[in-house]
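Below is one structure, written out as structure tokens; comments come after it.
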Amino acid sequence: MIYETAPAKINFTLDTLFKRNDGYHEIEMIMTTVDLNDRLTFHKRKDRKIVVEIEHNYVPSNHKNLAYRAAQLFIEQYQLKQGVTISIDKEIPVSAGLAGGSADAAATLRGLNRLFDIGASLEELALLGSKIGTDIPFCIYNKTALCTGRGEKIEFLNKPPSAWVILAKPNLGISSPDIFKLINLDKRYDVHTKMCYEALENRDYQQLCQSLSNRLEPISVSKHPQIDKLKNNMLKSGADGALMSGSGPTVYGLARKESQAKNIYNAVNGCCNEVYLVRLLG
């Protein structure tokens, strides 16, 4: 048996630069991880089946699950003769902008690499994972990074300054492809990636909070105004900075002090079913 944790990610910044010939957007984003984790265990099987065990019936256990597809890809890549049972203890909200599915897929690639003693490097696993998900390369490493291209080009950055993170997911799901289809590249939107990069270089917490920006946020807010209300609630309740992560709908707030973080948590806990008080990992 092999055990892996799969931490959630948040975006400090997210920008889309242009539409590529392959249909994807060229992106530029800075991401980090928080200590909200899915936990996965892996067992070899005597047959060649891939079995995903998960308690939540709203999470698929077939080829629609990224962990299943990662296992399928890994077994094909390394021509394995055995299947695997993957048990997922899910804590990261689904369709939330926190890369829960990608984190599980990355954990699966790392876990199977150990389970079958393949000895592949993290770089090799990241390249393999990029075939099925743009956030998977980042999730292979779980380090604060600037991600460009489709997300597969990674430059590691300093860990962010220590801070509390309040995550709040409204009771709705958002499809990332649907949001990306609505991007208007002719419409100006300032994303402060350079400012964020410098803030992390200098471990400047205040500058980091000022740099939080996401080009997808106004698009998701136009469809779901409660996202903006949630963000404003966090800021009014004392968050040093707040932002929608990914394509949403999860909003997070940053706080240096535990008492400050608990105040924000209590302020938003009544309006969202899923609220978490966690720490930055990076």
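Including glycine, each Cβ sits where the backbone N, Cα and C put it.
Note that the coordinates shown come from a computational prediction; the quantities given were computed from them, not determined experimentally.
Among the features that Swiss-Prot reports, active site is placed at K9 (among others). Within 10 Å of the C-beta of K9 (active site) we count 28 further C-beta atoms, all protein chains included.
As annotated by Swiss-Prot, active site applies to D135 (among others), with the evidence given as sequence analysis. Sequence-distant contacts (6 or more apart, same chain, Cβ under 8 Å) of D135 (active site) comprise K9, A99, S102, A103, G151. Look at D135 (active site): DSSP puts it in coil.
The ATP binding site annotation in Swiss-Prot covers P93, V94, S95, A96, G97, L98, A99, G100, G101, S102, A103. Around the Cβ of S95 (ATP binding site), 19 further Cβ atoms fall within 10 Å across all displayed protein chains.
Take the mean position of the Cβ atoms of P93, V94, S95, A96, G97, L98, A99, G100, G101, S102, A103, the recorded ATP site; other residues of that chain with a Cβ within 8 Å of it are A8, I92, G246. Annotation for the binding-site residues P93, G97: lowest Cβ count within 10 Å of the residue's own Cβ, P93. Shown in sequence order, N65, L66, A67, V94, G133 are the residues of the chain, 6+ apart in sequence, with a C-beta less than 8 angstroms from the C-beta of G101 (ATP binding site).
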